[in-house]
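Heads up, the thing below is written out as structure tokens.
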Amino acid sequence: MSSSDVLIHSDDPRHPANLICTLCKQFFYNDWCTGTGGGISMRDPKTNYYYLAPSGVQKEQMTPEDLFVMDSQTLEYLRSPKLYKPSACTPLFLACYQKKNAGAIIHTHSQNAVMCSLIFDDEFRIANIEQIKAIPSGKFDPVTKKSIALSFFDTLKIPIIENMAHEDELIDDLHKTFTNYPDTCAVIVRRHGIFVWGPTIDKAKIFNEAIDYLMELALKMYKLGIPPDCGIGEEKEHLKLYRK
Ligand SMILES: [Zn+2]
């Protein structure tokens, strides 16, 4: 085994190289990264190396050999698969690592994200839904230092940026959202998809799943004429045709 392959071969299903492949397959079958779209990157908590899914790979067929590995200090590739190019998302992933202290980033071409980007203007909003509690508020408990989640009564806001011809061209607008939405853990790209990050791959996965659930719910509410960010009980006004 070559020295670079040591970075990707492990019997541990939680090893980044194995975990990224497992999650890409799950996300493929969730219609989040079909047609080679989307991608995942995670930082190995043991080595601090960045593991990155390549460009143009069929996500359900990806193997550890397909992954790039990067030194988080020098940003040099420690391992590059011969068959593939680095993902065009790599600069965006690096921005999330460096500016948001992310431990993992998930990028999907979720249809729920795309549809919400057509309905909402510059910000996705949904309020008073139990699943919002899965999303971090961006604030930390001063005593325990633990992340504080949004409450049931909060409004989740996710910025929407415009798509570009190439994914790496999204970088300037991504940086703007870091300034304008310092507490967000996600950015929707109009007519494209979504980027979600978290301190660990497990957290990023939970945030991504919860946000996708909320976007799907928002689309169903919108179809019924209910504003997704309406107050508790206000839906009665919008649904009066269906009530006595
Ligand atoms: Zn994409």
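Keep in mind that glycine also has a Cβ here, set from the backbone N, Cα and C atoms.
For reference, TrEMBL has these:
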- GLU130: active site, proton donor/acceptor (ACT_SITE)
- CYS89: substrate binding site (BINDING)
- HIS107, HIS109, HIS192: Zn(2+) binding site (BINDING)
- 18-219: domain 'Class II aldolase/adducin N-terminal' (DOMAIN)
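Secondary structure at HIS107 (Zn(2+) binding site), taken from DSSP and collapsed to helix, strand or coil, is strand. Comparing Cα positions, GLU130 (active site, proton donor/acceptor) lies closest to HIS107 out of the binding-site residues CYS89, HIS107, HIS192. Around HIS107 (Zn(2+) binding site), the C-beta neighbours below 8 angstroms that are at least 6 residues distant in the chain are GLY38, GLY39, ILE40, CYS89, LEU92, PHE93, GLY193, ILE194, PHE195, VAL196. On the 0 to 100 pLDDT scale, the domain 'Class II aldolase/adducin N-terminal' (18-219) averages 96 in this prediction.
Surrounding the centroid of the Cβ atoms of HIS107, HIS109, HIS192, where the record places Zn(2+), the chain contributes additional residues within 8 Å, namely GLY37, GLY38, THR108, SER110, ALA113, VAL189, GLY193, ILE194, PHE195.
When Cβ atoms from all protein chains are considered, those within 10 Å of HIS109 (Zn(2+) binding site) total 20, not counting its own. Around HIS192 (Zn(2+) binding site), a 10 Å sphere centred on its CB holds 21 further CB atoms from the protein chains shown. In the three-state DSSP scheme, HIS192 (Zn(2+) binding site) is classed as coil. Neighbour density at the Cβ, taken as the number of other Cβ atoms within 10 Å, is lowest among the recorded positions CYS89, GLU130 for GLU130.
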